[in-house]
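K.L.:
Attaching a single structure in structure tokens format; questions to follow.
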Amino acid sequence: MKPLSLLIEILIILGVTIKTIKAEEHNKRQKERNVTTQVSVNEIKQYLSHILEQRTSSNVINKRENLLEKKKNQRKIRIKGIQNKDILKRNKNHLQKQAEKNFTDEGDQLFKMGIKVLQQSKSQKQKEEAYLLFAKAADMGNLKAMEKMADALLFGNFGVQNITAAIQLYESLAKEGSCKAQNALGFLSSYGIGMEYDQAKALIYYTFGSAGGNMMSQMILGYRYLSGINVLQNCEVALSYYKKVADYIADTFEKSEGVPVEKVRLTERPENLSSNSEILDWDIYQYYKFLAERGDVQIQVSLGQLHLIGRKGLDQDYYKALHYFLKAAKAGSANAMAFIGKMYLEGNAAVPQNNATAFKYFSMAASKGNAIGLHGLGLLYFHGKGVPLNYAEALKYFQKAAEKGWPDAQFQLGFMYYSGSGIWKDYKLAFKYFYLASQSGQPLAIYYLAKMYATGTGVVRSCRTAVELYKGVCELGHWAEKFLTAYFAYKDGDIDSSLVQYALLAEMGYEVAQSNSAFILESKKANILEKEKMYPMALLLWNRAAIQGNAFARVKIGDYHYYGYGTKKDYQTAATHYSIAANKYHNAQAMFNLAYMYEHGLGITKDIHLARRLYDMAAQTSPDAHIPVLFAVMKLETTHLLRDILFFNFTTRWNWLKLDNTIGPHWDLFVIGLIVPGLILLLRNHHG
């Protein structure tokens, strides 16, 4: 495995060396941007041979020194002229084991240092330093470091994306039993990225990955069995896979509050991603900071919350969060007081864990009727932190906070009734409060609802409902952080890196990632797949997103069949998908497309009246459809009128007047050309 880790070191060196050359080809506004670098096999071999020669000569010298040392020890370990071979052998084994232990310990230390640097990194340069530490640890045989390096090469985490090198490293790791490597190889096989497209092989890799405890593999298999992707659809099997992951996620949420991740849809604002509402624009953030420093209490609390959990693309920063909360609390904000209490209750880098201080701030907020403060006091009494354990007091505060609509308090009430903590068990009330909290996205409430549906506790058992709920919990795992890195990679123009990350999330069953992957593939800007494979793969992903309820994806499937993208032209199938999007999701674009097909009899029986009705429905559904519908209806009415005038009782006698023959099959475009100038003149006269 050492040659592979050496290869990684070489890639890093080459990536840093030629970074500036490649950066000039990118957008001038992006400074010091890392780019994907492909290193030729010959260059790699040359560097490898050079380093290996140095190491070989070094090994020869070491062997000679060891031999001399061995002879010296042999002379010492003699009893009355007879060599004690047993003592020598034991000594040799001990020294060898000690050397191996020291070597392993050093690799572990380097890996831990790399993790620490990576967690604290604020710039690309610092991240590269972390991966250099991982490379050194990998060279010492640290499997976790090798996994990190393989991921970095696959996703382009430190500026160099080399899928071929990543695959080589994953294959070596898989032989060592790495379930993470097996999951990665399954993913690459399922898309045909750098490997042969092979769904059967992908399924085998995922199965081995899942057996080894890899939660991504378990999620992927859960989604496949839920949807029947290359396996027989089986809800119970899907339930077993999703439950394993959901149990882990719920356990982490019980210990500490998770950080929600914004899932930006590339399909919504492809022309102006920087203004996407899911990510806070830097200029807007600076403006908010200005307002906060000027004393805007509401903005102070909002910025404090964003920094407390790291939302809208901002880094989690406890010091900044505390700074804004203290300012707002000084101005009398009950929310700010409650959040300060929460920080002291949990403890973090900015404040030490202190139950007494938490109680103080929660009490201040609760005295103002604040739901977060009331819930905080309930938690202190429920767990007996800083106050005597008192379930009755906890119940009282949770009820007050729940009445004000605080979802965490609603969950706590549900949990008390579910577990019988200080009160009689009541599954109906537990279900009621879990359901209320779940409507606000409270993750633990969703988890316990899934548990109740899976076991039939307090409700009629429903495997499908349980799986859907467990799936929602699983999608809150730390792997969802790739949504942000994928988005920023796309925004920076690193399409291949973005696609690989979205594609992995899509494989795990995230609908947003499926849509985003299909959107990128459709643009044909990626280089990691052959161009002829992009439309078929995009169609597959649009279909998976549509099955999960995405109306835009359903319209896209109709478009692909209408135009023959990635499949044969099929007007009938296109009309079917447009009809589903129009009737089930009330999608204006689908209504418009379906109306056009009825107007021209494409794949369905021609029906002018139904076409007119669908055009009207599209206009009523979406204001954006008003102008297109206006032109479409004017064209429809005009052509219909012209046909009545020109062809009524004159078809045989005046055959030469047929518009299809005189102007051509696209004569309706000619008619539109006549209508538009007339409409413009009418509008001018009207305003004049």
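Cβ coordinates come from backbone N, Cα and C, glycine included.
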K.L.:
Looking at Swiss-Prot, which of N34, N102, N272 is flagged as N-linked glycosylation site?
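P.N.:
Checking Swiss-Prot against N34, N102, N272, the N-linked glycosylation site entry points to N34.
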K.L.:
Pick from 537-557, 663-683: which range has transmembrane segment per Swiss-Prot?
P.N.:
663-683
K.L.:
Take the repeat 'Sel1-like 8' (407-442) and find every residue of the same chain, 6 or more past its ends, with a Cβ under 8 Å from one of its Cβ atoms.
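P.N.:
Sequence-remote neighbours of the repeat 'Sel1-like 8' (407-442) are 260, 371, 374-375, 378-379, 382, 391-392, 394-395, 397-401, 448-449, 452, 457-459, 469.
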K.L.:
Which residue counts does DSSP yield for the repeat 'Sel1-like 5' (297-333) in the helix, strand and coil classes, in that order?
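P.N.:
Counting residues per DSSP class in the repeat 'Sel1-like 5' (297-333), I get 26 helix, 0 strand, 11 coil.
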K.L.:
List, by number or range, the same-chain residues at least 6 past the repeat 'Sel1-like 7' (371-406) whose CB is under 8 A from its CB atoms?
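P.N.:
Same-chain contacts beyond the ends: 334-335, 337-339, 341-342, 345, 355-356, 358-359, 361-365, 412-413, 416, 421-423, 433, 436.
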K.L.:
For the repeat 'Sel1-like 3' (179-214), what are the same-chain contacts with Cβ under 8 Å, counting residues 6+ beyond its ends?
P.N.:
147, 150-151, 154, 163-164, 166-167, 169-171, 173, 220-221, 224, 230-231, 241, 500, 503-504, 507, 528-529, 533, 537
